[in-house]
Structures are given as C-alpha cells and as structure tokens.
Amino acid sequence: MEIKPVEISSSKMFGGYNKRYKHYSPTLGCSMTFHIYFPPPPSSSHKFAVLYWLSGLSCTDENFIAKSGAQRVASSEGIALIAPDTSPRGLNVEGEADSWDFGVGAGFYLNATQDKWKNWQMYDYIVKELPQLLSENFPQLDTARASIFGHSMGGHGALTIYLKNLDKYKSVSAFSPVVNPLNCPWGQKAFTNYLGANKADWEVYDATCLMALISKFNDVRATILIDQVSNHSLPFYHFYLHRSCHRPLHKGEDDKFLHDQLMPHKFEEACRKAKVPLLLRLQPGYDHSYYFIATFIDDHILHHAQALKL
C-alpha cells in the first residue's frame with residue numbers, strides 16, 4: 001500500500017497542469033485520489049498558496065477539475081487548486097452505495113463515530129492528513145497559506161472546517177452550501193447514521209450552530225462569501241459587517257433544494273448575531289449545477305487571492 005502519492009494522470013491547462021494522484025490513506029483505510037492544479041511557476045523556487053475545493057454529493061475529485069473552469073484565474077493569480085474525493089471508496093461496507101446522498105460519495109466532511117462507518121473520517125483527512133501529505137511531497141506548495149471553498153455538501157464542509165480552524169485557513173466561500181444540516185433531510189440522514197441519534201453531537205458539524213456555539217468567531221476577519229441561486233430577475237445581496245446591514249426588498253426563491261435542504265437565511269441570521277462579515281449573493285435563474293459554479297468561480301478565486309495576499 002503506497003502512502004506516498006503516485007501521479008496517475010496529467011494534462012496541461014492555461015500554462016499549468018492538472019495532475020491526479022493516488023495514495024493509501026491511513027485515516028480512511030483505503031486508497032484515495034485527489035487532483036492538484038499547478039499554475040505555471042514564475043521561478044523554480046516559487047511556492048504556491050493552496051485553495052482546497054470540497055465537492056458535493058455523489059461527486060469525485062474529477063468534477064470540479066473538469067467542469068468549473070477555475071484553472072484560468074487560478075493560473076493568473078498563482079493559486080494551486082486542491083480537489084480531494086468526497087468519501088472513502090472500495091471498503092465494501094454493507095449499504096454504502098444504496099443511495100446517492102449517503103455512504104460512498106457522501107462523506108459530509110465529518111468524523112463518523114458509529115462503528116459501521118468508522119472509516120468515514122473525512123474531517124481528519126481534509127484537515128490533517130491531506131495537508132501533511134501535500135507538505136511532505138510537493139515542495140512547490142505552501143500549505144501554511146491556505147483557503148477553502150466548496151459546493152452544497154462541500155460548502156457545508158468548507159464552512160465548518162474553516163470555522164473550526166481559523167488558524168489554518170485565510171478565507172472561506174461556498175456555492176449553495178448546506179448550512180444547517182441538523183434541520184434538513186440530507187443532514188439528518190447522514191448525521192444519524194454517521195454520528196448517532198444524539199443531536200448534541202451533530203452541532204460541531206453544523207455551520208449555523210457553530211456560529212452560535214463558539215464566541216471566537218468574533219475574530220473572523222475575512223468576509224465569508226456565499227453564492228446562492230434565486231429565481232428573481234435581478235440579483236441582490238445581503239451584506240453583514242459587524243453591525244452594518246443592507247437588506248434587499250424581497251427574498252430569493254429557488255434552486256430546488258433552497259427551502260428544504262440549504263436554508264441560507266439560517267446561516268445569515270447566525271452571522272448577524274455573531275457579528276461575522278457575510279456576503280450572501282442571491283443569483284437569479286441558475287440551478288444547483290456546475291453551470292452555476294462556472295459562472296461565478298472567478299469571483300471566488302479572486303476573493304481567496306485577496307485573503308491570501310497574492
């Protein structure tokens with residue numbers, strides 16, 4: 001079992017390279033794959049800041065690299081993109097592939113406590129194992145300069161990981177994130193199976209709850225950026241910065257998961273109460289897909305470039 005990453009594919013893009021790697025993960029107890037986009041280096045000794053992307057339900061490490069178009073601005077800004085997989089694979093746990101929103105492809109970026117799902121330790125994989133693996137094997141990466149973002153389930157992961165590790169990440173953003181999994185069907189299904197029935201154990205993986213639980217979030221400096229779909233004809237924005245607030249005239253409606261699964265107003269209210277700067281942009285007419293992500297990905301890359309001081 002090869003713990004050291006082995007390159008399994010490479011393709012040139014915008015002067016840099018998309019490279020895919022495979023390694024054995026002691027944290028997850030299985031082989032894992034991940035992608036790195038390396039921008040063209042300005043010199044042989046240059047070290048790139050890193051930006052982790054966490055994908056959503058049913059995705060792999062390939063979706064973002066193939067569909068987002070993030071490499072163009074990552075190349076011009078000099079940011080390395082890291083795209084890991086979304087769950088352990090190949091463990092043959094009974095029922096692991098029975099549904100698209102739980103098990104394989106649906107790790108929810110938490111550490112499972114229930115014995116059946118003991119290998120589902122995606123929080124430790126993303127926060128601990130993967131950064132160490134990158135630091136030890138890719139000298140061109142400066143893993144001490146890192147930010148994180150994601151989509152849907154991955155937006156949930158990015159927000160919770162950032163809020164629990166403000167010393168490790170300079171900024172966070174998300175597309176259509178699951179912000180209150182305690183109160184949505186996706187989260188309730190996953191958390192019951194991974195964490196057990198005690199909802200108090202769920203709160204540390206819920207971004208809305210984390211805002212209320214931990215006072216240190218008053219130290220959040222970088223504005224949190226969230227893009228969420230609306231079906232209105234004009235975009236509008238919520239912006240909270242400490243006590244200042246600019247409110248829209250009306251609320252946004254759909255992507256189809258907005259009301260039952262995503263509930264951005266819950267996180268918005270938690271940020272307001274915690275006086276944490278949030279830019280929530282409601283974008284009209286898009287859906288929950290990579291067409292939406294590709295449309296606004298440049299803004300997110302630039303958001304993180306500013307926080308990383310590039």
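From the backbone N, Cα and C atoms, a Cβ is placed for every residue, glycine too.
Per TrEMBL, these features apply:
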ACT_SITE  Ser152  active site, charge relay system
ACT_SITE  Asp255  active site, charge relay system
ACT_SITE  His288  active site, charge relay system
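Note: the Cα of His288 (active site, charge relay system) and the Cα of Ser152 (active site, charge relay system) are spaced 8 Å from each other.
With every protein chain in view, the residue among the active-site residues Ser152, His288 whose Cβ has the most Cβ partners within 10 Å turns out to be Ser152.
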